[in-house]
Structures are given as structure tokens and as C-alpha cells.
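Student: Would you mind keeping the following structure in view while I ask a few things?
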């Protein structure tokens, strides 16, 4: 892709998100979301592969539907209350419609069906943008309006997403689909606590972005997109394989890695709010997710590939990819747990 075009598209991505962050008017927020969608569409289709074009089409249709619902919800709210302000979302119908639209935007279950399919058709860097940056603007809107939305709806979305995210990833062999289901599960953890402690949602979103920003470049560095090629990476780059296993366990939420921090804080908050049953369901759903991360770790570090794969032979050649961001994100993914009190103090 032409570097000038790429610069314009990435600037538009930043502009769309910033516009939604800064807006207090529904139309401005909607405009930011639309700029975001239109900016990432060419990035998704840049390889001109049929799978990429199919994924782009699915993504565009889904996001356009969600944007239309947001516009309809905000117009309904303005009609009923005479207010266009984001925080004045007092009409119950507009509330529910708005939350459903944003759930479709970020891929919360049961509006998640587009997410694994779209992720499977993209290259790893565009998949990284879709999993991290594209979640920021919708989450800014959800956090601003969470207090007006029906608590039962938020709880249902959170629990369903965590269960579906764990369950859906169990039988997958494609790594991008596994990361998509991982994203759905993490979104569920963020949504479940948003009505009680929005700062914990921000901490969970931040740690999820750090962990995903370590996982995607790791797979790109080792040129793997499916489980069978993951088993051959140990011969190509043993140190990277070891850190990849730890990054995956951090995504699963095992102590003493960074991924344990948001899960621990969210479970603690749910128990404080006298919701032991929901806390237990969330903890058990985290175990389901942990199983497929352990499956990846087992395939990668504890087995030797029994047959020759039909993928490119992995020679130990010098890579031309930049490894500094990967190193920084990997360090953050593995070692931020002792910083929990500091992070909590900064967030509250």
C-alpha cells in the first residue's frame, strides 16, 4: 500500500476514535464511529485476497448495521427527552437499542458471530488493530452511559460473552479464530463489572490491549496462523516459543502473570457487590478459556511435530521484522502483576 494512503488511513483511525472520545453530542460520537469503520475497511482489504475481501464485506455490513441502530437510538432518545447529550440517555427503549448496537460493534455474545469469521480473513497486524484500537471508541460510549443501562442486560451480555468466548475457542485450530474468541471472553469480563466499578473495566481493557499487542506480533514473528505450524516453532526460535507460551498463559489469566490482575480485581468486586453466583460462573468460564490456551502451549512447547507440515520450512534466518515493540509488550504482559496497587491508585 502507498505510504501516503496508509498515513491518511491511520490518521483517520486516530481521528475517528478521538472524535468519539471528545464528543458529548450523539451525532459527533456516531460520526467518529463511522470514520473509524471507513478508515479500517481499506486496510482490511489491502491484500486483494478473496478471504480478505469477504471479511471486509462482513465487517462493513455489521458495523453499518450497528451505526444505523446507534443513530436510530439517539434520535428516539432525542424525540422522547429533547436531549442530544450522551449522558442524558433516559429513554428505556433507546437505552436497550443503544447497548445492543454497541455490543454488535465490539462483538459481545450473542452478537459475536461476525468476529471470528472476520478475524480469520485478515492478516495479523490488521487483526491486531481490529482487536485493540477498534474497541476503544465503543467502550468510551459504553462507560459514559453504563449507569443508565439496564443492569440485567449488562450482566447477561457479560456472562454470555465469557461463556461463548471460552466454549467457542475449544475446538478451533486456527490461531486467529482462537484470538477472536479470546477477545469475546475478555469483553465479557469488562462488561460484567462496568456498572459497579468502571475503573476496573478500564484496567481490564488496558491489560487486554497489552496482552493482545504481545500475542499478535509474536505469531507474526514466527509466521504461524494455525495450530499445526505452531508445533514447529520451537526449532526456529526457542526463546520466542518460551515467551509465547507465557503470553498465552497470561491471556488465560494465570498468576503470577499480568492477565491475572483484572480477573482477580473483577471477581473481588463482584463478591463485594454480593454476587457470589455470578462471580463463580465467571471464574468457571475463565477455566474453559484457560483450557484452550493450555492446549496451544502444549502443542507448542511440549510436543514434537509428528510429521512434516506443508508450510514453508522454518529456517533460522535473520528476521527483518522490528522486535522492540514485541519485547516491550511481552515484558508488560509477563510482569505487571506486582504493580497492581499502583495501577489501582492511578485508575481511581
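Cβ coordinates come from backbone N, Cα and C, glycine included.
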Student: Examine the ranges 92-113, 114-135 and name the one recorded by TrEMBL as transmembrane segment.
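Tutor: Per TrEMBL, the stretch marked transmembrane segment is 92-113.
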Student: With TrEMBL as the source, identify the stretch among 220-238, 239-257, 258-276 annotated transmembrane segment.
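Tutor: Range annotated as transmembrane segment by TrEMBL: 239-257.
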Student: Pick from 57-80, 297-320: which range has transmembrane segment per TrEMBL?
Tutor: 57-80
Student: Any residues 6+ beyond the ends of the transmembrane segment (57-80) with a Cβ under 8 Å from its own?
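Tutor: Beyond its ends, the transmembrane segment (57-80) has Cβ neighbours at 26-27, 29-30, 33-34, 37, 40-41, 44, 88-91, 93-95, 97-98, 100-102, 104-105, 114, 117-118, 121, 130.
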Student: Given the transmembrane segment (92-113), which of the listed stretches 152-171, 202-219, 239-257, 277-294, 326-347 has the most Cβ pairs that are under 8 Å apart from it?
Tutor: 152-171
Student: Looking only at residues six or more beyond either end of the transmembrane segment (239-257), which have a C-beta under 8 A from one in the stretch?
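Tutor: Apart from its flanks, the transmembrane segment (239-257) reaches 182, 211-212, 214-215, 218-219, 221-222, 233, 263-264, 286, 289-290, 293-294, 296-297, 300-301, 330, 333-334, 337.
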Student: Please tell me whether the transmembrane segment (326-347) and the transmembrane segment (178-196) touch - that is, whether there are at least 3 C-beta pairs under 8 Å between them, with each pair 6 or more apart in sequence.
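Tutor: Checked: the transmembrane segment (326-347) vs the transmembrane segment (178-196), no contact.
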Student: What residues elsewhere in the chain lie close to the transmembrane segment (277-294), defined as a C-beta under 8 angstroms and at least 6 residues from its ends?
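Tutor: Cβ under 8 Å, 6 or more out: 155, 158-159, 162-163, 165-167, 169-170, 172, 178, 181-182, 185, 188-189, 192, 248-249, 251-254, 263, 266-267, 270-271.
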